[in-house]
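S.K.: As listed in TrEMBL for this protein:
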type	residues	note
BINDING	12-18, 40-42, Arg299, 325-327, 407-409	GTP binding site
BINDING	Asp13, Gly40	Mg(2+) binding site
BINDING	Asp13, Glu14, Gly15, Lys16, Asn38, Ala39, Gly40, His41, Thr128, Arg142, Gln218, Thr233, Arg297	IMP binding site
ACT_SITE	Asp13	active site, proton acceptor
ACT_SITE	His41	active site, proton donor
BINDING	Ala293, Thr294, Thr295, Gly296, Arg297, Ala298, Arg299	substrate binding site
Amino acid sequence: MQNIIVVGAQWGDEGKGRIIDALARKADAVVRFQGGSNAGHTVVVNGEKFVFHLIPSGALRPEKKCIMGNGVVVDPKELLNELESLHSRGIEVNNLCLSSNAHVIMPYHQKIEEIEEEQRGKNRIGTTRKGVGPAYQDKAARRGIRAADLLDKNTLSNKLRINLEFWESSCGLKFSLEGILKQYLEYGKKLEKYIVDTSLIIHELVKENKAILFEGAQGSLLDVDHGTYPFVTSSNATAGGACTGTGVGPTRIDKVLGVAKAYTTRVGKGPFPTEIKNEVGELIRKRGQEYGATTGRARRCGWFDGVVLRYAVRVNGLDGLVLTKLDILGGLSKIKICTAYRYRGKIIEDFPSQAYHWQECEPVYEEMEGWEDDTFKARRIEDLPLSLQKYLNKIEEIGGVPILFLSLSAERDNLLAMRQDSASLLA
Ligand code: IMP
């Protein structure tokens, strides 16, 4: 079987959770490799909605291993709450493994994030305030606290002291070492059974030819290196992050899939060339329930951006695309698709790499016929309205990548395989 990476091809919230859940049917393990509880992956089963923030979206299939790799930053309180909330709904996550090297979000990280966002003023990023960015800062500064440190009082106490001294001297923050130490040792006790060397576990799975699904969080345009910096998250949300965030080598990956919405959304601040700032944008937001799964914030909505897709194909090496939320555009008489940008009178097809260029980029649109409202009933490609098929062809042509699946509604089984080889990924 294959090892597949699934990443967001836009600015996050593309519907990765439900694709992961569907692909997990044939996988042996589902692995998160970056981000933390800033993510919110939604899966709907028989009308019941589950939102995963930290635990991999494979958790609804109890026989699968759910792995949180070294690239994830984990808030122990949130993880325990998530486990408890699943338990209260009758779901036991018995196969969870948390990397001993995953960094831990501490109470001061949220406070630091608040302070930093306030200091940025009108240039604030609009972060999720989950402490994710500051935890990655500590990781890069080589003073971070890792999951295994929660299991050793001396190590935790020493590291905590260093961190508290640092943040007190740089931000004036005062926290009680004793209070945090006690609380986090308690978390350590509760999480001990999950904390392991996940790189070794993944290595064993690879050796046994098991199928591994790597679940990306956020989206390519939020990647700290390849996204719209500085309006990005603080981890590598592109496919490369799956290797560094788990300890698996690139030669062990068979396929990289991107997930994109049939339109574009973005939460928080930052460039968004195809944003629709009128009643059509409002309509899409309402119909698509475009409110953050983690923060509840209204998402900005816009037309499908082909330049962004082309870029996501490039920086992830996408083999195929899953297109979601087509049903939301149903009923609109005209649909626009951005094929290029106009920059200082010139037409450009490649995503510019600098922030000062984005501000001057205007989308070049092609207007296409819309389709009726009842698309979600389609069970075969031939049942899809011709205008929708043309829209899909256009997306494939712009991205130079095949669409493998369409997601026509939020329900688990409403995925339409567009090719024979895509169907084989599910069954
Ligand atoms: P942070 O990841 O909380 O630091 O937020 C940085 C940026 O990434 C902000 O614009 C957030 O709105 C955005 N962001 C973080 N996580 C997600 C996500 O899961 N979906 C969409 N946007 C996200």
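Each Cβ is built from the backbone N, Cα and C atoms, and glycine gets one as well.
A TrEMBL annotation is a machine prediction, not a hand-curated record.
Can you tell me where each of these features sits in the structure?
M.R.: All protein chains considered, the CB of Gly40 (Mg(2+) binding site) has 19 other CB atoms within 10 Å.
Its own atom aside, the Cβ of Asp13 (Mg(2+) binding site) has 29 Cβ atoms within 10 angstroms in the protein chains shown.
According to its DSSP assignment, Asp13 (Mg(2+) binding site) is coil.
All protein chains considered, the CB of His41 (active site, proton donor) has 26 other CB atoms within 10 Å.
In the three-state DSSP scheme, Thr295 (substrate binding site) is classed as coil. Within the same chain, the residues at least 6 positions away from Thr295 (substrate binding site) whose Cβ sits under 8 Å from its Cβ are Thr128, Arg129, Val267, listed in sequence order.
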S.K.: Should any of the binding-site residues Gly15, Thr294, Ala298, Arg299, Leu326 have a Cα within 10 Å of the Cα of His41 (active site, proton donor), which are they?
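M.R.: Of Gly15, Thr294, Ala298, Arg299, Leu326, within range: Gly15, Thr294.
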S.K.: When you measure from the Cβ of Thr42 (GTP binding site), how many other Cβ atoms are you left with inside 10 Å?
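M.R.: Around Thr42 (GTP binding site), other Cβ atoms within 10 Å: 18.
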S.K.: Taking only the Cα atoms, work out how far Gln218 (IMP binding site) lies from Arg18 (GTP binding site), in Å, as a whole number.
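M.R.: Checking the Cα atoms of Gln218 (IMP binding site) and Arg18 (GTP binding site) gives a distance of 14 Å.
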S.K.: Indicate whether His41 (active site, proton donor) is helix, strand or coil by DSSP.
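M.R.: Note: His41 (active site, proton donor) is in a strand by DSSP.
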S.K.: Based on a Cβ-to-ligand 1 distance below 6 Å, what subset of the binding-site residues Gly12, Arg18, Gln218, Leu326 would you report?
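M.R.: List returned for ligand 1: Gly12, Gln218.
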